[in-house]
Amino acid sequence: MKVGIIGAMEQEVALLRSQMSNPTTLQLGGCEFYQGTLAGKEVILTRSGIGKVAASVATSLLLEKFAPDCVINTGSAGGFAQDLHIGDVVIASEMRFHDVDVTAFGYEMGQMAQQPAAFPCDETLIAVAQDCIAEQGKHQTKVGLICTGDQFMCKPDAIAKARADFPQMLAVEMEGAAIGQVCHMFKVPYLVVRAMSDIAGKEQVESFDAFIEVAGKHSAEVIIKMLGKL
């Protein structure tokens, strides 16, 4: 099996890259691709850059050039569920955009025109991730909705609106739904696994700066464990 892994930032891909065997590097379209072996699997690790457009470009290039059997998005997120803490892991059951609004034309909040309202993650990949986290016994985990938008969610009014629009949302980040949309269009199974670097409404900028490496490490540890089971 060939697995594509996408992280937006250096802190989100560093551990994975350090454990790859003999990786080759390709820079294309502002993205970095590292092809090699990790945990016995052929892996293409991608550093996409931050945000929906960067993630879409990286995912499209990854799928077109390397044709992985599945895609896993790893990295950090901001926690919205009340009982999440720094370092906890959320596995996405589905991804939605929180900053898309074409409801004037009859679409759901967060639904892009001519696209589904949500991009479900692959059930087999979800189950493998759950098993791996349970075996590790290191992190609290939840499975549910993660939302994506091109903003760092630290302003009280933005947080309140997101909670009102998506009351079931567990976490928020800036790439996953874009990756999900591209995978949906290419008909490739995908999963998003995110560890919490900050919690909504709790000194988020300072928390993100302090804990991005912790979150990146926790998420990457899950991915490495998963590769051994795929």
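Placed from the backbone N, Cα and C atoms, the Cβ positions cover glycine too.
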The substrate site in Swiss-Prot includes Met153, Met174, Glu175. Which of Gly36, Gly40, Gly49, Gly78 is also listed there? Gly78
Proximal but sequence-remote residues of the same chain as Glu12 (active site, proton acceptor) (Cβ under 8 Å, at least 6 apart): Arg47, Thr74, Gly75, Ser76, Ile212, Ala215, Gly216, Ser219, Ala220
Spatial neighbours of Asp198 (active site, proton donor) among the binding-site residues Gly78, Met174, Glu175, using Cα within 10 Å, are Gly78
Go through Glu175, Asp198, our recorded positions, and report the one whose Cβ sees the most other Cβ atoms within 10 Å. Glu175
Reduce the DSSP letter at Glu175 (substrate binding site) to three states and note it down. coil
Can you list, in sequence order, the residues of the same chain other than Gly78, Met153, Met174, Glu175 whose CB lies within 8 Å of the CB centroid of the substrate site? Ala77, Thr148, Gly149, Gln151, Phe152, Val172, Glu173
